[in-house]
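Novice: Taken from TrEMBL, the feature domain 'Peptidase S53' covers 1-356. The active site, charge relay system feature in TrEMBL is assigned to 7, 11, 272. According to TrEMBL, the feature Ca(2+) binding site maps to 314, 315, 334, 336.
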């Protein structure tokens, strides 16, 4: 049985080991009675958001007056760190459109405040929290994961966060050493395993339109001759919205990762490892820029889809799956809704960001 704290341990162990001696902040929400969510976190960063944007239909109410409950609202009392890593994915279909749009705009505001929000794309391909799909007749969420339309994950589908998908190394009989070319790194394919059934979360939002920075990349993917017929059939059958915000934006290794919890090592997998690894890269880049008097990198996506592509290795093989579709979206040339733009080369990414004002 998996230990209950393996998820948070994994995030902290990878982030702390990669960015040491830089500090890592644990953002914890909820108490022993109320299970909180990302809106609770955002309320702690903004008094205005706390007072005007929480929805009691979805969000727990604080202070919690029950004996032993958390007896404070923490309304706008904390400054956000310059990089936030989120390894949790909800179903877009769980929330109202207004709720999703307001929370997504708050991530944009964090970006304008100099904060980079990095989120995982999920581990169940085109179905998300609870292995969910959307019933083709009722439009309600189902949890069997075997039929229905694709259900995008949130906040992964928000255009104002950077969403990280998953890859895995292709087994070879070669010995690999650090080098300066892509050929010095083992080949990668999209993350996909059979036990438990998992693959890189990805797809298209049903709420948010394709953002300005992604128009060309998404159009190129949808029009690829080898995929066009397959994608047309899926979209016309209602499986996904081709005019939506596509995710993920980039990827990192998600398979065969190791975490220490409850006195032993655990072999794990998922984009819960990918997101903190990339977030750690961003934190190190911020530290290097600030050391020479430059500002943090803020919202990343326009850069990544532009000049930043020079620091990303395109992952061109593999599929994700879900909702009864074994091969849903394919990894391919350029951006795709499985591995995004590819996997980052930290040295190249650092060099590019250090060249900016």
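From the backbone N, Cα and C atoms, a Cβ is placed for every residue, glycine too.
Tell me about the setting of these features in this model.
Specialist: When pLDDT values are averaged over the domain 'Peptidase S53' (1-356), the model yields 94.
According to DSSP, residue 7 (active site, charge relay system) is assigned to a helical segment. Residue 7 (active site, charge relay system) counts 17 other C-beta atoms within 10 Å of its own C-beta, drawing on all protein chains shown.
Over all protein chains present, the Cβ of residue 11 (active site, charge relay system) has 24 other Cβ atoms lying within 10 Å.
The Cβ of residue 272 (active site, charge relay system) lies under 8 Å from the Cβ of 7, 10, 11, 87, 120, 123, each of these being in the same chain and 6 or more residues away along the sequence.
For residue 336 (Ca(2+) binding site), the same-chain residues 6+ apart in sequence whose C-beta sits under 8 angstroms from its C-beta are 202, 221, 329, 330. Following the DSSP three-state reduction, the secondary structure of residue 336 (Ca(2+) binding site) is strand.
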Novice: Three-state secondary structure of residue 272 (active site, charge relay system) from DSSP?
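Specialist: Residue 272 (active site, charge relay system) sits in a helix per DSSP.
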Novice: Neighbours of the Ca(2+) site 314, 315, 334, 336: Cβ within 8 Å of the Cβ centroid, same chain, sequence order.
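Specialist: Same chain, not in 314, 315, 334, 336, Cβ within 8 Å: 316, 331, 332, 333, 335, 339, 340, 341, 342.
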